[in-house]
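Annotated features in TrEMBL:
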- 15-40: transmembrane segment (TRANSMEM)
- 61-83: transmembrane segment (TRANSMEM)
- 103-123: transmembrane segment (TRANSMEM)
- 135-157: transmembrane segment (TRANSMEM)
- 189-211: transmembrane segment (TRANSMEM)
- 223-246: transmembrane segment (TRANSMEM)
- 276-294: transmembrane segment (TRANSMEM)
- 301-319: transmembrane segment (TRANSMEM)
- 379-457: domain 'Cytochrome c' (DOMAIN)
Amino acid sequence: MNYPFWDVPFIGSTWVIGAIAIFHVMVSHFAVGGGLYLAMAEYKARKEGRTDWLKHLKKHSYFFLVLTGVYGAVTGVAIWFAIGLAQPEGTSTLIHNFVFGWAIEWVFFIVELTAAAVYYYTWNRIPDRTHQNVGWLYAITSLLTLVIINGILTFMLTPGESWMEVNGTGKEASRFWQAFFNPTYFPSLFMRIAVCCSMAGIFGMLTASRIDSDEKPELKTSLVRWSAGWLFPSFLLMPIFFLWYLSSVPADSKGLLELGITTIGQGTFTQVTRSALVSVMTSATVLAIVYFIAYQRPTDFSFGHAMAIMFIAAAATGSTEYAREMLRKPYVISGHMYSNGVRKSDVEKFNAEGFLKNSPWLKPEERADWQNGTATGERQKDIGHLMFLGQCSSCHTVNGYRPMASLIAGRDATAIQALLETLHKNAAESTYRKYMPPLVGTATERKALAQYLASIGNPSPTH
């Protein structure tokens, strides 16, 4: 516990990241797919002599530049800020292991942003062929940013046996490529490319919906239908990519999803299964609206329809990303680091020496009581509070998201102590093992945590 803990009341740090990520993922995937959309649309328009398309594409490219170059970039920085505060140990691991990967990604990102700006501001100012090439340059570099970031994201679920063999030896950098091209790299890459194409079509329909159906019915029909066509191949291929992806995830992670499916008749769902079902249903809803309204009746396709698709797509994106995150439970980096930032290799050390031994956040008098095992009363609860912040608060709040006060309400300190001992032992048959990290620390620290939890679960009238 060498980093200060970022305590976000009610929603917890998890949902700060989630709230930013839902919108950033949509925009970042649009940035990749939308670049290809613009380049292909311009090529089609020039080949067919569609000057009306070119006028619309100039407006669409402005919307594209503002949304991806400003909002997308700002939310990207916001995610870095949020994960650095919420998961400092995990973020540090990713930076140290993929420092050159991040550097390469930023080179592509700078070229991508520059190309997007040049593309918009040079409409009708440079030769058509040159302008088209700028569009292709953007499309290629934006795809390359996805190629890089995908390897780092998939590493968190499937680091691969090769990297795990040298984990903790200081030689992790020697297995950079094995960690990068990990078991889920390619299925995830193709899934994300399919999503990128879908987002390109959805945002394309959004701007096309603003075209007046009475004044330009043919233009609106052609653009709405062409944009809708970007979704159909993606939705047809997605199940194949998803099954490929599932075949590559670890058995324990796959078990979380399968458990909810096998008990679906009883109404018992795991969080992963629930999120996956929401993703499937919302995606199917998007497809139905796009086909029966946008494609079949393009002149009736309104801005309201487009926004409805956008909101449903956001729900699909959020549930899919949530399911992907939950598949890693109880880890933030599978097999290496638990979701509370405790490395698997450090569990025995913390159990023997204590979780708070080297913590700079203990006051001198608290450290003395901790070392002597003499902490009582409020001081004991203060030590328990530090244990809670360090090992529980990455997933739980006191009275908000996954509220600890409600989960342990009605249990006395003895019952809570028994629960903590179960979490500490982390037995193979434990039902908590699939979702929660083992509780580490000495008996004194666990007792202090029990006292703190008892105080928030059963507060005294003056508490």
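Positions of Cβ are set from backbone N, Cα and C atoms, glycine also.
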Count the Cβ pairs between the transmembrane segment (135-157) and the transmembrane segment (61-83) that lie under 8 angstroms and are 6 or more residues apart in sequence, then report whether there are at least 3.
no
Same-chain residues near the transmembrane segment (15-40), Cβ under 8 Å, at least 6 residues beyond its ends:
8, 57, 60-61, 64, 67-68, 71-72, 75-76, 78-79, 82-83, 86, 112, 116, 119, 132, 135-136, 138-139, 142-143, 145-146, 192-193, 195-204, 227, 230, 313-314, 317-318, 321-322, 401
Over the domain 'Cytochrome c' (379-457), what is the model's average pLDDT?
89
